[in-house]
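Student: Sharing the features that TrEMBL gives for it:
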type	residues	note
ACT_SITE	A:His300	active site, GMP-histidine intermediate
BINDING	A:Asn144, A:His145, A:Phe146, A:Cys147, A:Glu148, A:His247, A:Asn248, A:Ser282, A:His300, A:Gly301, A:Ala302, A:Gly303, A:Lys379	GMP binding site
BINDING	A:His174, A:His247	Mn(2+) 2 binding site
COMPBIAS	A:382-398	compositional bias 'Basic and acidic residues'
REGION	A:382-405	region 'Disordered'
Amino acid sequence: MGNFIGDSGPDTTPCGKPAAVAHYFTEKSWIEGSALQQLADMAQMPGMLSIAGFPDLHPGKYGPVGMAALSTRLYPQLIGTDIGCGMGLFELDLPLRKFKIEKAAEALRQLETPAFGQMNSEAMDNARSLVAKADTLGTIGGGNHFCEIQAVDELLCPEASVHLDRQKTYLLVHSGSRNLGASVFAETLAGNASLDEGLDPASDAGIAWLTRHDLCVDWAALNRQIIAERAAAVLRTEVRLIADVPHNLVRAAAHGHVHYKGAAAVTAGGIAPIAGSRASLSYVVEPLAGAAISHWAISHGAGRKYDRRNMHGRTGNTRSEREGLLRNAWGGVAICDDRRLAVEEAAGAYKNAAQVVEDLAGHGLVRPLAAMKPLVTYKKVDIDHDEAKRDKGRERRQERRQKRG
DNA sequence: ATGTGC
């Protein structure tokens, strides 16, 4: 476990020794130098006790993504905007033998359009009881978020059949707290002169953030449940939750709070999905008792190899390249009407999830249960993106004209 | 990440 800073007390570490940084990856997982530097910088932060870096580690805005950090102080900026973001794995009541990719893709295009406000759902009632304004409830969002129908590609150990069945189909939902988490983070930045020294968890500011953080975490899990229910509704089937694992949050521990940033916060006895890209295999793993050493954190996905900006121009330059981005090696399809997003989320932007799983297993953190293949991935539907944009521009010009008189 | 920013 993490090394303890001595008797001076962990709250007063500016001149103390830096926190221990442990790497749970091998040289086979290429890690960008700037991400390692961000880990090293974090080790100097006041109250920081122990940091774990995972094989999907990559640079982020306020700190690296793919890490878990135990600290006596709270660092909201290490968690960022999408508080409570995570992955939900569901079993669909839709046997693989009856499953048709094209038909399912057509149905799933309706995922975010139906009058889901009329859906009768306990999850929806619960989410609405948490926050009055919940207009983004049941929506996936952008970036790396998705809702994907999967099937077992390979069972990797005999015990896997307890959880997963080759004859069934599954749903992996990656989403978070949408504009709720974004507003909590914006208010936290505005309400604190600096977050450089972190917040005392017992202070008013610390409690204020923790309280709203907890709400985001709960809301995000309900959001994933509702997305799954909406997917089931348009596919005319049912869903059953297998595992919901957040990877963007803090959790109270014996000696402080563990900050999970793009690192799945797992529990003993559960299972967890590790997402590949939309054109590569994802995995389901069982966290082992050995994961206690990494603060019960493991990787949450393949991890980016190229940042979003870097991807533009690399692919999607021709019509055939763009069409290729929406197909995969298993005959699966992706629904993504946003060209830029499709390029940013191309399989080539990501590292290999198989290597991530191998590194985690090699460090005794997980046992791989299954490889899962992508059949239909819902990213974003935009009926007429360009027209909407033109309308917006027209409205703005008209407003300006009216202002001038 | 964010009904994204000019």
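Cβ atoms here come from the backbone N, Cα and C positions, even for glycine.
TrEMBL: automatically predicted annotations, no manual curation.
Just so it is clear, the model here is predicted, and its values are computed rather than measured.
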Student: So how far apart do the GMP binders A:Asn144, A:His145, A:Phe146, A:Cys147, A:Glu148, A:His247, A:Asn248, A:Ser282, A:His300, A:Gly301, A:Ala302, A:Gly303, A:Lys379 get, largest Cα to Cα in Å?
Tutor: 20
Student: Counting every protein chain present, what is the number of Cβ atoms, excluding its own, within 10 Å of the Cβ of A:Ala302 (GMP binding site)?
Tutor: 28
Student: 10 Å Cβ neighbour count around A:Asn248 (GMP binding site)?
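Tutor: Here the count is 28.
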Student: For A:Phe146 (GMP binding site), find which of the recorded positions A:His174, A:His247, A:His300 come within 10 Å, Cα to Cα.
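Tutor: Within 10 Å of A:Phe146 (GMP binding site): A:His174.
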Student: Rounded to the nearest angstrom, how far is the Cα of A:Ala302 (GMP binding site) from the Cα of A:His174 (Mn(2+) 2 binding site)?
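Tutor: Given the Cα positions, A:His174 (Mn(2+) 2 binding site) is 13 Å from A:Ala302 (GMP binding site).
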Student: Using a Cβ-Cβ cut-off under 8 angstroms and a sequence gap of six or more, which residues of the chain neighbour A:Asn144 (GMP binding site)?
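Tutor: Set apart from A:Asn144 (GMP binding site) by at least 6 residues yet with Cβ under 8 Å, we have A:His174, A:Gly301, A:Glu345.
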Student: So if I measure Cβ to Cβ from the residue listed as 'active site, GMP-histidine intermediate' and keep only same-chain residues at least 6 apart in sequence, which ones fall under 8 Å?
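Tutor: In sequence order, the residues whose Cβ lies under 8 Å from that of the residue listed as 'active site, GMP-histidine intermediate' (at least 6 apart) are A:Asp56, A:Gly66, A:Gly86, A:Met87, A:Val245, A:His247, A:Gly262, A:Ala263, A:Ala264, A:Ile274, A:Ala275.
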Student: Of all the binding-site residues here, A:His174, A:His247, A:Lys379, which one's CB has the most other CB atoms within 10 A?
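Tutor: That would be A:His247, with the most Cβ atoms nearby.
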Student: Tell me which residues of the chain lie with their Cβ under 8 angstroms from that of A:Glu148 (GMP binding site), as long as they are six or more apart in sequence?
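Tutor: Expected: A:Leu171, A:Leu172, A:Val173, A:His174, A:Arg278, A:Ser282, A:Pro374, A:Leu375, A:Val376, A:Thr377, A:Tyr378.
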Student: Three-state secondary structure of A:Glu148 (GMP binding site) from DSSP?
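Tutor: Once the DSSP labels are grouped into three classes, A:Glu148 (GMP binding site) ends up as strand.
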